[in-house]
């Protein structure tokens, strides 16, 4: 349980009526009830609804930061897209866009875990701006209602099309499918600085069907850019405040060399719906959790910029918490800290990160016999959130449990430059230069490692994607409808035409309720 106690007079301050309890730590520690800007609780809540050797160094940029596209379509100035994001890990990172004619400026949340492009279409108490379609001469309504549900929150809107431009993005204007949100629940959060969501996942997840061309597919087709984008989010060690003061970069069409250091390591995309990858194992403080690798991928493992935390399946989460507790220098800790209902507070002069171990995630390399690992230091998962008075700084646990996925969210992504190479069906990771605290890197990538100690496939062969579930649901409901219609006809047939059942005749009518579980 770590180092022996050195300060017997230090206290653990528990929330509510728990009162004061005696505890021993190597640094003064208190646990406080959460508090957040505008009174909203800061409990960890996601914003939603997921070849050759592994190393690759991309070609250097041309003079002036002009990186050549790998497909016909000319050249793209990726440097113009550097620092085009604002936000933080607690409320998401967003991009400024201009919608309609004349243009209306809105901030749009960048979300690699969904596929619809949607903006507030009516006034909302939690957003400062909305897209007024009546003021745009180029807006065309498709008259199709669409509803999207996330891990937290949902919205309903109407599909339409309009032109968009991105001030710090690809040059030109493009016609895009846009859902204008007229009703939402727990989607726009108090204090958020964004007014809509940019779903960058595959069309398979688009609502109401995959026939709705996604934003990025439209951009690739119309601008003739390569089918690849990359993302850097710079919030390592910075307070989760919702102020939108942190920076980042969304590079559309390629990779900007100034946004990463060292090599890019690629892992295959297992399924093209979410950016689903394969996790082989986890280590805490260099110690393997020794779980079956299928536990890490139950029922999927995805890279999702719209989720604030690193989310782990319950069994994995429990193992990680136990391992961190064993490896940390904190002798005792309130369970509320691990579950996200309490904050840990230290004196502002102290840095508690030295008390906690490094966390490593192993992914399968493009060469399936090899793997690589991405590691985050405690500066990324022990996250400053607010201060109490003049002397205390409070932190939250940047990892939470999940019912149906391992989600590599902002907690991890803030350590890396992440490349979504859709053309070659792979996700790349490289160390981000902005992932530093007090001048020291807080993320690492190492490899290659052998995969002899793990199964050849850690992902379930049977994948129940949402469209497949919908098809199965419709088929079963249709069958039930046919059976019900037949029963109604039989009931309406005159008695003389009905078969008179004997005691030996048995009629079984088993009906099943088809339920769709939103991911």
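Cβ atoms are placed via backbone N, Cα and C, with glycine included.
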Could you check which of 442-467, 468-493 is flagged in TrEMBL as transmembrane segment?
468-493
Under 8 Å between C-beta atoms and at least six apart in sequence, can you list the same-chain neighbours of residue 434 (disulfide bond), or say none if there are none?
232, 234, 236, 247
Please list, in sequence order, the residues in the chain of residue 458 (disulfide bond) that are at least six apart in sequence and whose C-beta is under 8 Å away from its C-beta.
278, 279, 280, 293, 294, 296, 297, 364
Using a 10 Å cut-off on CB atoms, tell me which of the disulfide-bonded residues 234, 293, 345, 394 is the least crowded.
293
Please identify, among the recorded positions 111, 345, 367, 394, the one with the smallest Cα-Cα distance to residue 304 (active site).
111
